[in-house]
Each structure stands twice: as structure tokens, then as C-alpha cells.
């Protein structure tokens, strides 16, 4: 696997994982655009590991608060960190159940086609813009209810469609429910932690089944991808948090329209 291809994969994973433009769509398309074989489970594991580390480092104060809050919950006390942990947990059941069923019945790849990606990329652009344009900004993570968290979790199911974007659908739902722009992005990325960890675990299981290596990837390849994914993901999160506060989600909606149209012309 060439160094250039590894760099492209790492940049795509890191930049798009937390932006509302679908990392899975870009990662699925990268091998086809560059004429390479699928990157295989080792690269998937390391790319997810780099992205996961980036969000943990960027939101380290939240992570520490959640960790301390969980200890307090065990002692019967509810702290802001403990409540945040419960909110994230309340958003998880739908994706765990449905994604688990897809994995169990080997249906994960059923929708992985350029046509589906193109349509989903276009279809979810307008809701993102509408929710941001007309959604109130009256609710913060500190004031959101468990009902809000559950509804955002249900919306996350659309992320199982390649091209929909996990961060995109959760941020859209959060803005539609009235969360502020920054807290919509923040809660979406905190929700990403267990999701990325779970999908990384699935890729790790595939890696073990593949007897260690796949698609010509080596451990050094994986380390390159992990390192670059970490750096680019951290930078992407920083840019996203500043951008949504100042401008909103319109640039991402416009990007989705452009990408979707390009995919339709190029692949369909």
C-alpha cells in the first residue's frame, strides 16, 4: 500500500470523521477514486483509533468530568459530569440495537454503493441547513433533557446509511430540537466516542479473523494512518467548533450539495 494512499486515507478519516459531511462516504470512495483496493480492517482500526484519541484529547475536560461523575453516580450522587454521562448513554440504545443487528446478519455492506452515497449526501444537506437556519438556540447540554438525548439517538440511526453522516444527522437533530450550535456539535462529538470505539472493535474483530493483516497493510502502515488521523481530526474539531459558532452549518450543507452532485456525475 503506497505512502500517498495511506496519507490520503488518514487525512480523509481525520478531517471528515467529526465534520457533518460523512467520513464513511469519503473512505468508501477513496479506494475507487484512487484505483486502490479496499484498505482492509487494520487500516480501519488504526484510523478509528487516531480519531478516537483526538476527540478524547480535545474534550479532555468533559472526559474527566464524566469519569468523575460516574464515580459519583456509584455513590448515589448526580454531578454535571454524571448527568452528561447519562445523557450520552440515553442516546446509545437505538444505534447499538440496529447496528448490532446489521452486523449479526452481515448486512453492513448492503448499502455501500456510490449511488446510495450520492443520494444520501444530497438528501441530508437540506435538513442540516434548515435545522440550523430556523432552529432556536435556547438549550444547552446542561439544560437538555433525556428526551432530547433519546431523540438525537434515534436520529443517529440514519448514520447507518453511507453518505448520511453520523455527525451530520446528530447535529441536525440537536439544532432542530433547539440546542445551541456549539453544544449541538459538542454533544454530537461526545456521542461519537462510544460509537467510534464500537466500530473500531468490529474492525478489530475483522482484523483477527483476517489473521492479522489485510489488503497489503502492515503495522507501520497502520501507525502512519493512526498518527495522521489523530492530528487532522484534532484540527478538524477545533475548526468545526469555531466555524459553527461564527457562521453555522451552511458551509457544510453547501459542501454536501457539491459533493453529492459530483458523485452523481462521476459514478452514476
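Glycine too: its Cβ is placed from the backbone N, Cα and C atoms.
Swiss-Prot assigns the feature transmembrane segment to residues 85-105, out of the candidate ranges 64-84, 85-105. Counting Cβ pairs closer than 8 Å and at least 6 residues apart in sequence, the transmembrane segment (39-59) and the transmembrane segment (85-105) reach fewer than three and form no contact. Within the chain, the transmembrane segment (144-164) has long-range Cβ neighbours (under 8 A, six or more residues past its boundaries) at 22, 24-25, 28, 86-88, 90-95, 98-99, 102, 111-113, 116-121, 123-124, 170, 172-174, 177, 179, 183, 187-188, 191, 195, 260. Across 1-21, 85-105, 110-130, 221-241, 247-267, the stretch most heavily in contact with the transmembrane segment (187-207), judged by Cβ pairs under 8 Å, is 85-105. Taking every recorded stretch in 1-21, 221-241, 247-267 and counting its Cβ pairs under 8 Å to the transmembrane segment (110-130), the highest total belongs to 247-267. For the transmembrane segment (247-267), the residues of the chain that approach it from at least six positions outside its boundaries are 19-21, 25, 29, 32, 114-115, 117-119, 121-122, 124-126, 128-129, 131-133, 163, 165, 168, 171, 175, 181, judged by C-beta separation under 8 angstroms.
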